[in-house]
Amino acid sequence: MFKLNLKIALRNLWKYKGYTAINVFGLSIGLASCILIFIFVRYQLSFDKDYVNGDRIYRVVTSWKYTDGNEFSSSGTPLPLPAVFRNDFSQFEKVAAIQQSGGIIKAKAQVGKAEVKDSESVFYAEPSFFEIFNYEWLSGNPNQSLSAPNTVVLSEKTANKYFGDWHKALGNSINLDASKDFKVTGVIKDNPQNSSFPLEIIFSYASFNDRNMKEWGSVSSGSECYVLLKNGVALSDLAKPLAQHLNKYENDKDAPGKVNHTFQPLEDIHHNEDYGNFAQKNTPYNQIIGLGIIGLFLLVTACINFVNLATAQAISRSKEVGVRKVMGSPRNQLIWQFLSETAIITIIALLLACVFAELTLPKMENLFGGDVSFSLFGHPIIFVFLFGLLVFVSFLAGLYPALIMSGFSPALAIKNKVAANAGGVGLRKTLVVVQFAITAILIVSTLVVIKQMSFIREKSLGFDTEAITIVDLPGDSLSQLKYNSFKEKLLAVNGIKTISFNAGAPSSGSNNETSFTYNSSKSADFQISVKSGDEEYFKTFGLTILAGKAFTKSDTTKEFVVNETLLKKLNIMKPEDAIGKIMKIWGSSGPIVGVVKDFNNYSLHEAIAPIAIFSRKTRYSTVAIKLDTKEVASAMKNIESTFNSTFPDYVYESNFLDENLKGFYETEQIMGTLFKVFASVVIFISFIGLFGLISFVATQRTKEIAIRKVLGASNLELVKMLNSSFLWMVLIANLVAWPVAYIFVSNWLSTFQYRTELNVWPFVIAMIASMGITVITVSLRSYRAAKVNTIDALKYE
Amino acid sequence: MIKIENLEKVYKTEEIETTALNGINLHVKAGEFVSIMGPSGCGKSTLLNVMGLLDKPESGSYKFIDTELLTLNDKERSNFRKRNMGFVFQNFNLIDELTVFENIELPLIYNKVPTVERKRLVNEIIGRMNIVNRSGHFPQQLSGGQQQRVAVARALVTKPKLVLADEPTGNLDSTHGNEVMELLCELNETGTTIVMVTHSSHDASFSNRIINLKDGHVISEKINKGKTEELI
Ligand SMILES: Nc1ncnc2c1ncn2[C@@H]1O[C@H](COP(=O)(O)OP(=O)(O)O)[C@@H](O)[C@H]1O
Ligand SMILES: [Mg+2]
């Protein structure tokens, strides 16, 4: 019996080749997209999941609440905190400090291997870090390898890079910043891609020194602290000891903000944008959910095609049903028969989908700039997912048609007298409306995303970004002595307009906030963002001075330039009024000599901060060079050779400012692209579904069309007639979609402090576009139906 | 009114060519009632379809009151058809999704008759056809005879000059068949020209002239004496 049913199923699919093809194609494209989304989401959710004690690992993070209502948070802790926590908290099994830093790493030339020198991101970690996080050690172990000062543990990859083979690394040493040597005492296995801990070079924490080592009031986001809770300890158990701790150590009455610490679960680190992480990869849950919704949309649209075409076909299959019933086939057997037909189509579609997905995976990897490699069957869970898809789609798409068809009355069915709307014209219309509502929502969303992204690209940030290259500078005191001669040499290079030494561009990833005083001896009740740079800073970045002037040349802090936002926060009406007032920041006081027009110092997600700019040579870490756009290439070459001759022990690294700024929106860019692609897929599926449906309707109405023609209808009138019902559905779909789309996009836009105005156009365009494509799709097909030979259509009953 | 000369129609399929009409000459005067008879497959329906501008012949001439119709383009043909011709088919060809009233109204809509006028014309013809209490029914709810009366009503509502009927009684029993034939006669008496294809000599006896076709050409023509005299 099963074999017979299978035969009938396959013959039926073959008989309606056109619809089968549309079904299978639409479904497989939808399924392929779902598979890609699944692979992506699985990857994102797999971050930091491989640690044995993962559910007991927490990061201690810090936040400040200011009296003006602002909040500020950091992934770091004060440097003395880890040791104190280890002592005072009985709830912790382990506490570990880890410090992120950077530097020039050099390994001496060896037999058969030249000297290797590179600028690297490095860490200082306590041995307990590796007791909290279980890494695979190829050689050494946490306590032996990381207890003593001047020891270092390398990842397999890095050890191979510096020593050719990691075995040779052991016992050898590497040099940091041309000053200190570190002995390699251990090698760990490479980190997987899905890790928030890109640990390649780990120095013992005992080698770490910082002037804030005893400071409670200063927090750097690179100084992180991890704790491993004892078994059975709940987060709520920590509230009391934490309050006691804050009271005892971090209760500075003079500080502008109120400090607090939070224990952030390990699994939250990859997804919480508030704090960031060492790997600088963040995928917030709402983006993952957004993709999941698109995936669901894809499935639903593809299934709707299926239901529509299957129920539309139901009438032509009524006779088969009638005969089967007369021969005694029970209803549930018929249901299974139709469901298995759907399952067969789904299996075919799934196989095709796997091929499509495999073909597009490299494209998805490109999105991540090659950082990630995806494979279709790399994780066995994909098979569970595929099976789930099969069951889900078979039931979603197959059950309703199966119920309809198996429910035909045999007497009517056998006479082919099943009413024309037996297949559920009403339901079919509803489904088309749902499908096109989804389509409209995605068109609106895609348009808004595109608009916002171009807004970001085009919005003036208040400073120049074009043809400015930022070159990293070595920060040790010896190198600082060479800054002036470096500048002299650069000024001789052709194509360089201005040069400014500074501690960061007007907008960059690193922002320093600190307390300050204005015209008083008391700290203001909010913090100020500080930028240090030399007197050329304003000219190089094209900042506009509104009142006063730029500060004069100085190596130390003597004068300040502030921005408009600061004045607003201090309730100063006229920029001129601020000139001459005395400020104190980082222990240096001096007059305000200029007010600069506001510029965006963060990404456009955030508002402009109050800012003070001043010179302080010891802080400079980069040099910004404004180039003549016509001579960029040659100038860059000369800059590099000048750098290498001036700082032979260091590694030249430069970035263009506009590229750096683009990096702020990397996640948005990736999500935006995924969004656009998958939205187009949904739109495509909807329209081939529409094409299938109109084809069916046209076939079904051939006779009616012919009669109307005999009675004098012109082709145009017939095309109009067939269009009108579909246009109504699409119109209603758009109206349904508008409020939903509005909620989606206004929510997304609200994550940007600076955003494009949300006007009616995306909605109108979505409507015009969807109705336009509907008219084209329906007209193409119905014109063919109208042209069909009238007599042939009328002759046969 | 109608002058058909040397009409030829060939159907080409993949395997064979069928000459359906092979040099037909036929004149029909205004107000005439002509029957076309002949064995199955001799080209009767084809001739009727060509006359109704539903099909295009390969060659020949077809004049309708001095207008040559075979040179018209698609749009002109459709316009000419909807203004001057009405059709009755063996299988009724009503639209199942429309009510009796709406079916009859349809050709008026395509002729752009204003709504009020449309309602009046439809109601008038429904009254004449004796189907008043059926006007809200769907075709499937009517008997074959009633359906064919609706089809005749639909053919007449635009007051066409020419009515073409292809075996109008073919699907009906004799009682219902006679009812339809009487309707056609009444119509003919009010001056409408009728060309009817039929297999039944009983039906043909209602007409003025009987034309016999075989293998795509006219083999004989017979004036129906009794009828013609009546007409005169
Ligand atoms: N669409 C068509 N394609 C091919 N041959 C056709 C077509 N319509 C009619 N014929 C052929 O043309 C001839 C005349 O058909 P028709 O006019 O329908 O005959 P009748 O109505 O006299 O029975 C027949 O041999 C028929 O097979
Ligand atoms: Mg015939």
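Each Cβ is built from the backbone N, Cα and C atoms, and glycine gets one as well.
What you are looking at is a predicted structure, and each value in this text was computed from that prediction instead of being measured.
Averaged across the domain 'MacB-like periplasmic core' (A:20-241), pLDDT in this predicted model comes to 89. The domain 'MacB-like periplasmic core' annotation in TrEMBL covers A:20-241 (among others).
Positions annotated as transmembrane segment by TrEMBL: A:21-41 (among others).
Per TrEMBL, transmembrane segment is recorded for A:288-310 (among others). Residues of the same chain lying 6 or more positions beyond the ends of the transmembrane segment (A:288-310) and with a Cβ under 8 Å from any Cβ of it are 19, 22-23, 26-27, 29-31, 33-34, 37-38, 40-41, 44-45, 271, 338, 342, 345, 389, 392-393, 396-398, 400-401, 427-428, 431-432, 434-435, 438-439, 441-442, 671, 674-675, 678-679, 681-682, 685-686, 688-689, 692-693, 696.
Among the features that TrEMBL reports, domain 'ABC3 transporter permease C-terminal' is placed at A:293-409 (among others).
The transmembrane segment feature in TrEMBL is assigned to A:334-361 (among others).
Residues annotated as transmembrane segment in TrEMBL: A:381-409 (among others). Listed as Cβ neighbours of the transmembrane segment (A:381-409) (distance under 8 Å, sequence separation of 6 or more from its ends, same chain) are residues 27, 31, 34-35, 38-39, 42, 299-300, 302-303, 306-307, 310-311, 314, 317-318, 321-322, 325, 331-332, 334-335, 337-339, 341-343, 346-347, 349-350, 354, 418, 422-424, 427.
Per TrEMBL, the feature transmembrane segment maps to A:430-450 (among others). Residues of the same chain lying 6 or more positions beyond the ends of the transmembrane segment (A:430-450) and with a Cβ under 8 Å from any Cβ of it are 294, 297, 300-301, 304-305, 307-308, 672, 675-676, 678-680, 682-683, 686, 689-690, 693, 726, 729-730, 732-734, 736-738, 740-742, 744-745, 748-749, 756, 758, 761-763, 765-767, 769-770, 774.
Here TrEMBL flags A:501-639 (among others) as domain 'MacB-like periplasmic core'.
Here TrEMBL flags A:677-699 (among others) as transmembrane segment.
Taken through DSSP, the domain 'ABC3 transporter permease C-terminal' (A:677-789) splits into 95 helix, 0 strand, 18 coil. The domain 'ABC3 transporter permease C-terminal' annotation in TrEMBL covers A:677-789 (among others).
Counting only same-chain residues 6+ beyond the ends of the transmembrane segment (A:726-745), those with a CB under 8 A from a CB of the stretch are 429, 432-441, 444-445, 448-449, 690, 694, 758, 762-763, 766-767, 770-771, 774-775, 778. If you look up TrEMBL, you'll see A:726-745 (among others) marked as transmembrane segment.
Below 8 angstroms of C-beta separation, residues 436, 439-440, 443-444, 447-448, 451, 687, 690-691, 694, 719, 722-723, 726-727, 730-731, 733-734, 737-738, 741-742, 745 of the same chain, each at least six residues beyond the ends of the transmembrane segment (A:760-780), sit close to that stretch. Residues annotated as transmembrane segment in TrEMBL: A:760-780 (among others).
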Same-chain residues near the transmembrane segment (A:334-361), Cβ under 8 Å, at least 6 residues beyond its ends: 5-6, 8-10, 12-13, 20, 23-25, 27-32, 34-36, 39, 306, 310, 321, 324-325, 374-376, 386, 389-390, 393-395, 397-399, 401-403, 405-406
For the transmembrane segment (A:21-41), sequence-distant contacts whose Cβ falls under 8 Å of one of its Cβ atoms, 6 or more beyond its ends: 288, 291-292, 294-295, 298-299, 301-303, 305-306, 309, 345-346, 348-350, 352-354, 356-357, 360-361, 364, 374, 376, 382, 385-386, 389, 393, 397, 674, 678, 681-682, 684-685, 688-689, 691-692
The domain 'MacB-like periplasmic core' (A:501-639): DSSP-derived helix, strand, coil residue counts: 29 helix, 46 strand, 64 coil
